[in-house]
Amino acid sequence: MSTDTEQSPPNATSRWEHLRPWVSLVARIALAGVLGYAGYLKAIEPQESVRSVAAYELFSDGMNQFIGYTLPLFEIALALLLIIGLATRYVAALSALLMAVFIAGIISAWARGLTIDCGCFSSGGQVAAGETAYGVDIVRDIGFMLLAGIVMVWPRSPFALDGFLGLYPDSGGEKSDE
Amino acid sequence: MSKASRKENRERLKQERLKEQRRAKRNKLLTVMAVALGVVALIVGGGYFIITSQANSTGNLVAERLSGWDKQLPPQTLQEDGSTVLAVEDASAPLVEVYADYQCSHCADFEEANGELLNMLAAQGKAVLQLRPVSIFAAGGPPAGTNSLRAGAAARAAADYGKFVEYNQLLFANQPNGTAEGYSADELIAWGEELGITDAAFAERVRSEAGVVDAFAEYQQSGDQGDDSFLAGSYVEQILAATNAVKDRYEGPNAFGGTPSVYINGELYTGGIDNPIDLADTIEAASPGEPDTRPQSTDDNSPSPSPTANETTEQ
C-alpha cells in the first residue's frame, strides 16, 4: 500500500478489508461460471470434445478420448466446488493450473502452425487458416487465471461452505483470539 | 510451588492448547480437502461412466441396423458437376446431399460414424445419396489446401471407373495430418489399385492433376494474378467450381457454413455428426426428393480417360 494509507491507516485498510471478501466472491462466482459453462458445453457433446482434443495433435487416440471425456467433467466439478465454496483456495489453485495447461496447449498449437479453434468453449477442431484466434484465446485464459489468483490469495468470501466450517478465520479474527 | 514454575506451567498449558488448536485446524482442512476430492472423483468418474455407456449404446444401435445389410452398394452415377449419386434404380426416396472436404477431420469422423449407414439406406432404396466433394481448405493454400485438392481430383478420377464411393471411404480412412504434405500422387494411385483401378490412364490422370494442384498453389501465392488457364478441363477446376457453387446454392438458415454438411431435400441437417441413428431416422421420415444435377452423359467429350466406365457398378 502507498504512503497514503499509512497516513490514514484505519479508514483505507478497513474499507479494503470490508470489500475484500466481496471481491473474492465475485471472482469465485465468475470463475465458477466460466468453468461450468465451458465444461457443460463440452460434456453434452463428448465426441466433439474428443475431436477438439485430437485437433491439438498431442496425444494418441485413446488418450484423446480419455481427456475429451474427463476434462469437461473436471471443469464442472471445479465449478461446483467453487459455487459451494469448499476447499476454495485449493480449487482455485487447481483452476489456475488448468488455465496454465490450456495456455501451454494453445501456444504449442500456434507454434506448430496448426489452424485450429482452441475448443475452449463448445467444440473446437480445424478452422480455415485465417480464422484462428490464438492471441485472443490466450489473453482470455490469462484473465481467467487472474480470477483464480484472486480467489487463491483471498479465499475467504461470503456464502461459502469454508466459512461455515470456519476453515479460513481471517487475519483479523485470529488476532482477536489472542 | 514457586511463582516461576507456576508461570512455566501456565505457559506449557497454553502451548499445548495452541498445538491442539492447530491440530484440529489441520484435521478440518484435511477433511474438507478429502470431501472436495471425493466430489471431483464422483463427478468425473460418474460422468465418464455415463458418457462411455452412451457411446457404447449408440455404437450398438448402429451395428444392429447394419447387421441385416449385405454391404452391396447400389449403382453410383457420376453427375455433370463431378458429384456422385448413389441410389437404386428409379428410387423414390429423400435426397441426401453430403458435402465433405478430404482434408477436414470432422468429415473423416462423419464418414466413419455415418458412412456405412447412409450407404445402406441408399442400397435399401430409402435414400438417394449424393456425395458432393468440395475443397474449403483450398483457399488456405498448402499443405492442407493442396492435400485437399489432390484428393478431391483423385476421387473424381476414381468416379470415372465407377469406384467413387469406395475410393471416398479409403481417402477418409487414410486422411493425413493437415500440417504436412499428404495424399501424395503415389499414395492416391496405390489406393486406386487397391480397388482394382489398374488402368495406367488413372495413374496418369492423378499425376497430371497433382501438377495442376502445384500450379494452382503458385497461382495463389502470386495473389491470384495472371493466367489460370492451366486449370481448364481439370478435375481441380471442377472441385473448385463445386465449392463455389454450394455457397450460392443455399442461403438463410440453410446457408452452407462448412464441412461436413448434410442436406435432406435441400434442408440443412443440424443434428450433428455423432448421432447416426438420428440422421437415419430423419432421412426415413422425409419425403422423396431429386438431385438438382444431371448425370454425366457417357458419350460427351469429357476429359475422362474412360468415360464409359461411369456406371460399371450398375451391371
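Cβ atoms are placed via backbone N, Cα and C, with glycine included.
Remember, it's a predicted structure, so these values are computed and weren't measured experimentally.
According to TrEMBL, the protein carries these features:
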{"type": "REGION", "residues": "B:1-20", "note": "region 'Disordered'"}
{"type": "TRANSMEM", "residues": "B:29-51", "note": "transmembrane segment"}
{"type": "DOMAIN", "residues": "B:92-271", "note": "domain 'Thioredoxin-like fold'"}
{"type": "REGION", "residues": "B:279-315", "note": "region 'Disordered'"}
Report task. Sort out the residues at least 6 away from either end of the transmembrane segment (B:29-51), same chain, that have Cβ-Cβ distances under 8 Å to it, and list them. Result -> none
Query raised in the report: Taking all residues of the domain 'Thioredoxin-like fold' (B:92-271) together, what is their mean pLDDT?
Result: 94
Query - Per-state residue totals over the region 'Disordered' (B:1-20) - DSSP helix, strand, coil - result: 18 helix, 0 strand, 2 coil
